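Enquirer: Quick paste from Swiss-Prot:
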MOD_RES   SER180  phosphoserine
REPEAT    194-234  repeat 'TPR 1'
MOD_RES   THR217  phosphothreonine
REPEAT    235-285  repeat 'TPR 2'
REPEAT    286-322  repeat 'TPR 3'
REPEAT    360-390  repeat 'TPR 5'
REPEAT    391-438  repeat 'TPR 6'
REPEAT    439-472  repeat 'TPR 7'
REPEAT    473-512  repeat 'TPR 8'
REPEAT    513-552  repeat 'TPR 9'
REPEAT    553-592  repeat 'TPR 10'
REPEAT    593-632  repeat 'TPR 11'
REPEAT    633-668  repeat 'TPR 12'
REPEAT    669-708  repeat 'TPR 13'
Amino acid sequence: MMTNGVVHANLFGIKDWVTPYKIAVLVLLNEMGRTGEGAVSLVERRKLNQLLLPLLQGPDITLSKLYKLIEESCPQLANSVQIRIKLMAEGELKDLEQFFDDLSDSFSGTEPEVHKTSVVGLFLRHMILAYSKLSFSQVFKLYTALQQYFQNGEKKTVEDADMDREDGERQMEKEELDVSVREEEVSCSGPLSQKQAEFFLSQQAALLKNDETKALTPASLQKELNNLLKFNPDFAEAHYLSYLNNLRVQDVFSSTHSLLHYFDRLILTGAEGKSNGEEGYGRSLRYAALNLAALHCRFGHYQQAELALQEAIRIAQESNDHVCLQHCLSWLYVLGQKRADSYVLLEHSVKKAVHFGLPRAFAGKTANKLMDALKDSDLLHWKHSLSELIDISIAQKTAIWRLYGRSTMALQQAQMLLSMNSLESLSAGVQQNNTESFAVALCHLAELHAEQGCFAAAGEVLKHLKERFPPNSQHAQLWMLCDQKIQFDRAMNDGKFHLADSLVTGITALNGIEGVYRKAVVLQAQNQMTEAHKLLQKLLTYCQKLKNTEMVISVLLSVAELYWRSSSPTIAMPVLLEALALSKEYRLQYLASETVLNLAYAQLILGIPEQALTLLHMAIEPILADGAILDKGRAMFLVSKCQVASAASYDPVKKAEALEAAIQNLTEAKNYFAKVDCRERIRDVSYFQARLYHALGKTQERNHCAMVFRQLHQELPSHGVPLINHL
């Protein structure tokens with residue numbers, strides 16, 4: 001049979017067949033054997049040996065591309081190969097016959113040039129065997145295809161030489177042409193052999209997992225997969241790669257079709273053998289239903305996902321497959337997150353996992369035991385070189401340290417993950433690992449830099465994220481949400497509430513809970529207290545049902561701030577105490593410190609600054625050690641207010657000392673606010689400093705602070721100076 005210049009017999013009965021490209025590779029091997037050791041240097045021979053494996057295993061490439069690869073390793077040998085192929089293509093059919101006859105001599109003699117069991121020897125034997133099985137008409141078609149292959153290569157070489165002599169603009173066009181040609185090389189090549197197909201599928205799967213930008217485009221990859229499936233429709237792995245490729249473009253119909261075909265082919269080919277006395281097709285059926293449920297869940301088809309899960313549970317119960325049932329229970333929890341009983345499902349999942357010895361979750365333990373469990377799992381991951389699980393574990397620890405309020409440890413874990421070389425990536429020839437773990441770590445890194453006022457560094461991290469995870473990739477939503485949150489915080493710090501309000505829509509589309517919370521923050525900043533209170537109460541009820549403790553505490557703090565800004569600090573105290581109890585119960589140290597900060601502010605408003613100072617001494621250390629720059633400034637500003645309020649009853653000398661200490665703390669707070677460009681708070685600090693300098697009789701310093709206040713007050717007009725109504 002002849003297809004696209006490729007002569008092959010029974011596709012399933014032979015693993016290799018002769019193509020014009022493989023004839024060119026055979027010429028290269030023959031020339032390497034004929035060339036003496038002195039003619040080729042040791043470095044060039046080493047490069048050629050490294051080049052051979054991808055040439056033997058990879059798909060067919062154009063002749064010009066092959067010339068270029070050989071020339072990079074050994075220019076002298078590239079010239080010999082080019083001359084030899086030219087003589088064969090411009091000669092007669094008997095030259096091709098003679099060439100294959102000469103190949104058999106490579107195995108003869110006491111010291112043959114090639115060993116029969118080596119990689120090169122097996123390739124030569126397969127090619128000789130495949131050529132010997134061809135009929136005369138097939139040999140003639142192969143020779144015609146070789147001539148066409150040579151002519152196309154010569155034409156491409158001439159075009160490249162002409163374009164190299166053009167100017168810079170022409171060079172840009174050449175680069176664009178090269179990209180299109182590379183895609184055509186893959187799509188226009190003939191059917192792949194079994195080894196080539198396996199190599200191609202494993203390579204593209206590794207690229208989709210680790211570095212999607214270097215993989216073929218969705219259209220080119222699908223075209224190549226369709227070409228592969230046309231000659232071998234029962235190739236299950238090709239159907240699965242087609243499923244992954246369709247997920248890239250969010251094609252629900254094609255991805256479902258490919259997924260079902262994958263499990264069908266597993267049953268037909270017998271790839272799923274007997275397991276624990278069960279037939280392989282039963283295992284394929286239940287895991288097919290489970291994967292189908294996961295697919296529908298990804299696209300938001302929750303009703304179809306529940307139906308598929310019910311089918312998977314029914315088959316798993318009939319087969320007594322507890323592992324599959326555990327997976328189904330976990331997916332039931334994912335599907336039920338919008339319901340009030342989701343936490344009950346999670347508890348059942350954990351109990352079932354513990355009962356059957358399947359540690360899928362670790363809950364209900366203290367923070368130190370949680371970290372110990374992660375450490376023990378890391379030991380197993382490193383022992384067995386499970387690089388993907390290592391990455392996930394480090395990303396989890398990064399998120400956990402941030403949740404507990406230890407930004408320094410979170411930063412260390414994120415940098416550790418980014419500096420690691422994945423074992424799987426190196427074995428697959430991929431230089432970077434573009435998994436979800438790396439996206440999470442980079443997003444944490446960007447947010448940590450933004451919290452410290454390093455917006456340029458955060459911007460560089462986000463720029464790298466956008467290049468590493470294009471907008472159409474599956475993990476792009478992570479950096480999109482991170483970017484929107486950083487822009488929102490900067491707009492709020494700068495007093496641009498209208499800009500922050502416009503960003504709420506994008507945040508809501510990516511994370512509904514976060515978007516509603518940010519909307520309430522904007523309404524509160526715009527003094528729309530009634531609307532903000534209604535929104536916060538609805539969000540609080542919803543988060544309490546979902547057991548989202550971190551967001552519950554954040555909402556409680558916003559509700560308390562709303563109360564004291566409405567001149568009701570006594571109502572805010574029970575709310576703050578509830579938030580403090582939750583943060584202490586779940587050991588959220590940073591949120592606990594922030595809650596204590598709010599309690600101290602409430603006590604200041606109630607007229608007990610001495611008690612507020614005592615509370616501040618408990619909370620300020622974690623904030624100064626691991627807190628965001630804005631929170632550090634708020635803490636120092638509050639300390640200054642408490643010092644001034646406490647000094648009202650002091651004698652003149654002691655009062656002057658207290659005011660001097662308050663001024664120093666105000667200067668430190670102003671420096672913190674300046675790092676995040678929070679001009680509204682800088683204005684408040686400048687006003688407060690001017691009043692203190694006036695009380696101390698320092699006219700020059702007072703005038704300077706008054707001038708700064710006036711400039712900022714003109715840029716940020718307001719109805720009054722909010723020194724007491726917000727923290």
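Every residue gets a Cβ built from N, Cα and C, even glycine.
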Enquirer: If you average pLDDT over the repeat 'TPR 12' (633-668), what do you get?
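Expert: That region's mean pLDDT is 92.
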Enquirer: Would the repeat 'TPR 13' (669-708) and the repeat 'TPR 8' (473-512) count as touching if the test is at least 3 Cβ pairs under 8 Å, pairs 6 or more apart?
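Expert: Taking Cβ pairs at least 6 residues apart, the repeat 'TPR 8' (473-512) and the repeat 'TPR 13' (669-708) are in contact, with 3 or more under 8 Å.
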Enquirer: Could you tally the C-beta atoms, other than its own, that fall within 10 angstroms of the C-beta of THR217 (phosphothreonine)?
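Expert: Excluding its own Cβ, the number within 10 Å is 13.
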Enquirer: Any residues 6+ beyond the ends of the repeat 'TPR 8' (473-512) with a Cβ under 8 Å from its own?
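Expert: For the repeat 'TPR 8' (473-512), the list is 212, 247-248, 434-436, 439-440, 442-443, 446-447, 450, 455, 458, 462, 465-466, 518-519, 521-522, 525-526, 630, 676-680, 716.
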Enquirer: In the same chain, who gets a Cβ under 8 Å from the repeat 'TPR 7' (439-472) while lying at least 6 residues past its ends?
Expert: 212-213, 248-249, 394-395, 398-399, 402, 407, 410-411, 413-415, 417-418, 432, 478-483, 485-486, 489-490, 628-630, 675-676
